[in-house]
Amino acid sequence: MLSYLHAFHAGNFADVQKHLGLFLALKMMQAKPSGIACFDTHAGSARYDLQSERPRKTGEAEGGIQRLWQMRRHLQDPEWASFWNVIGVAEGAEQVRFYPGSPAWLEALAREQDPVTAFELHSGESSLLQDWARERRAHVVAGDGFRGLLAELPPPTPRLLTLIDPPYEVKDDYMTTAETVIKAWKRCRHGVYLVWYPLLPEARHEAMIRRLQDSPVTKVLQCHYLLDKSPARGMYGSGLLLVNPPWGWGDRLQSMLDDVAACGAIAARQQVAWAVPEQG
Ligand code: SAM
């Protein structure tokens with residue numbers, strides 16, 4: 001039984017890193033006109049009311065997107081304007097009310113030639129996702145995103161961007177993620193694959209990364225966004241892997257997250273390194 005609900009965590013510091021990384025990857029790929037198939041294997045419900053009970057219960061958005069919004073005038077990078085545009089918050093608003101989940105980030109940025117497919121297994125979440133998608137250019141599949149992605153590869157479009165963002169409620173999610181990336185890469189080697197994972201004291205992500213390092217997949221960039229003050233228990237940071245990053249993506253993400261730290265919005269630093277470098 002699935003119990004994870006992203007509404008408790010929407011807009012937290014990890015969502016800021018993940019959605020900024022996704023936003024930059026798609027925008028940078030769109031520098032070329034050819035179409036990009038966008039897949040979101042674990043989509044959630046696409047739109048979160050930050051005033052509703054679940055996000056208010058944890059208050060996680062307060063240390064993430066809400067704090068960033070309060071400090072927005074101190075952000076330097078001109079790209080922030082289009083970031084806020086996707087969120088759709090009115091300039092004079094005191095707070096962000098509705099926060100977009102990953103399929104909404106993809107759909108907001110997708111051009112005519114960029115089809116968006118979102119998978120969601122949880123029945124309640126997938127029906128919210130279907131409602132959201134009804135008048136939008138996104139295709140929703142109520143089912144397993146790991147298998148669903150592989151069934152769609154290679155796509156008919158020239159390029160591919162995939163987000164793999166499981167809840168890691170079950171330990172197997174780490175290995176299933178690694179195996180899915182390897183199989184997907186074999187079917188579409190030029191695809192761009194973005195994987196999110198939590199940094200937890202148990203360090204289960206390490207085995208996932210080792211599995212990728214032992215595979216034929218190359219060009220895997222790792223970004224660890226570490227909270228300055230680690231909590232006594234639980235998540236001390238947020239991790240991203242990007243296979244086949246667009247040129248300069250890591251530097252752009254780093255520079256925008258440096259901007260976030262410099263204005264005092266989120267006390268966290270990112271470390272970027274190749275988990276698997278380009279061969280030869
Ligand atoms: N990607 C979303 C975002 O950034 O806004 C958050 C997704 S949340 C971390 C993970 C989601 O995956 C949950 O909504 C959960 O119900 C769903 N899920 C769990 N196992 C799944 C599977 N095998 N296939 C598709 N969705 C799954």
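Cβ from N, Cα, C; glycine included.
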Do you know which of S3, S34, S52, S102 TrEMBL groups with H19, H42, E120, D144, G145, D165 in the S-adenosyl-L-methionine site?
S102
Cα-Cα, whole number of Å: Y4 (site 'Interaction with substrate rRNA') versus H42 (S-adenosyl-L-methionine binding site)?
11
Rounded to the nearest Å, what's the C-alpha distance separating D165 (active site, proton acceptor) and D144 (S-adenosyl-L-methionine binding site)? Just drop the number here, would you?
12
